[in-house]
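Enquirer: Below are the structure tokens for one structure; questions will follow.
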């Protein structure tokens, strides 16, 4: 039997005893999140309970003789437990947006009065709209050839919900695409404009813990009550028109939109009903054929940093990806981008010319500096400076466009920004005193002018929060570093941030430190290449698990029908194999090692920087720590870190990266509030 087959067989035997499960068991290892809302006390209680039950778990644990070559399964029991498989319920083998499915149609055609109108029930109904794993695999093989068909379909869904495409113009949309940083750019933009006094809507994806995070008003996720109200309004309208023959024909037998399309339509409905002054909208995948591109008259568009991702859908070259991302450009609508690879910048420029869209490159954030210094950012990492300058230019362009119809209160005239800083800047330029020199963007595109930042703008940049990106959480002696990086470029940025952060922490203590990687990566991404970069971080142990919070899902927000247990665990096993191979064969530092090397003897606190440790080996103090391990869910992995490592050590550093879904599951386990 192959290693992967053994992995799949072992999953059915894995228990549901995990952090935050909905089991009715009274076991001391069960985490009652409602009993104690202090996350540090919760973490301590959980780790203590895990240690108390360690002997019981050890009786059922299966380990191979070679820990660094085989997966480690914690807490196996009889193979009759199907809880793990239920977390991946395969649903139907047909995508409701690709082929007719009469069984699914009957399942959805439930009288709303017979359904509970509570939030949990609404999420369960939403989850039925997820595209299943088999269809997604077919889409990958088709290389997204049918992507161009969805915009007319989205328009018909909107019409059935009593929303005209023209209604979306009232939302004064700021539309943002990009490979990495588009979510952070949207967060910066929303905070800036909200601090200037506007009622903001924000639509992003994916969610980390709860679906309602995707739709925000004034920066806060809509309440469960509002989510439930607006969900059923949209669902009922679609459900009431589903049986009409005309819709079955026009919609190619797809009477209900898929998961992301439904949420996009719902977000537009929420923003219209709540009468926001503007909506900041993040593209889902790509841009040209993404369902958010149904907006025909945005106020301004932005393209964040580009890289290689979603290649099975968008194309396998940076030029093809850039073409898709630039598809959000509109005739006469100003657009901005940041420094890009030369070939990608060329495509952006060609698309802008083709679509008659005025495109500019953002200046570096340092160009906005004044006597008080550079703007302070609420998000950590050097890469956030690119996102911040893009957000500033998007905000400025929006302010130049309005006042306009539908605003609660008109903003400052187009010649001013909040407190007259725009006029003052123009006077400064006229006097020849501007401090900014245009940087070389590597293209013939014009560079946007920097401008003095008003106090409200500075406050918006400083107060921006975006969980799961360069985030640090401390739970007792364990420090968690969370970043959803999942491309080569974003992982390189993550390494720089992690390097700086751990050295700062280690400079404050003389206690021994063990460094742990918690990793997963999904889709068609090259996880081996990413792991090669991460080896430069000198981890003592690497832990792999799927993006599943608990074996028995305790929240419908975390249910995922788009993958199968066999696929995700095969990926975890492959990740572990790649890591162990790198540990055995790497004799020289990877190219990411340059990010890791501090200045000789440098430390923020004046002490010498810690000496490098051997890659993927246990410390001499703790030789029993394995070099790698695999767990069936996030909570089991965190339980092991808390119960097996913490008692023997005074300081543990855990980097959680590779997937935003992994980070979201960890945040749920660590009881991080997203409001």
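Here the Cβ of each residue, glycine as well, is placed from N, Cα and C on the backbone.
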Enquirer: Could you check which of 119-146, 147-174, 175-202 is flagged in TrEMBL as coiled coil?
Expert: 119-146
Enquirer: Which stretch, out of 578-599, 600-621, 622-643, is listed as region 'Disordered' by TrEMBL?
Expert: 600-621
Enquirer: To which of the residue ranges 362-404, 405-447, 448-490, 491-533 does TrEMBL assign the term region 'Disordered'?
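Expert: Checked against TrEMBL: region 'Disordered' maps to 405-447.
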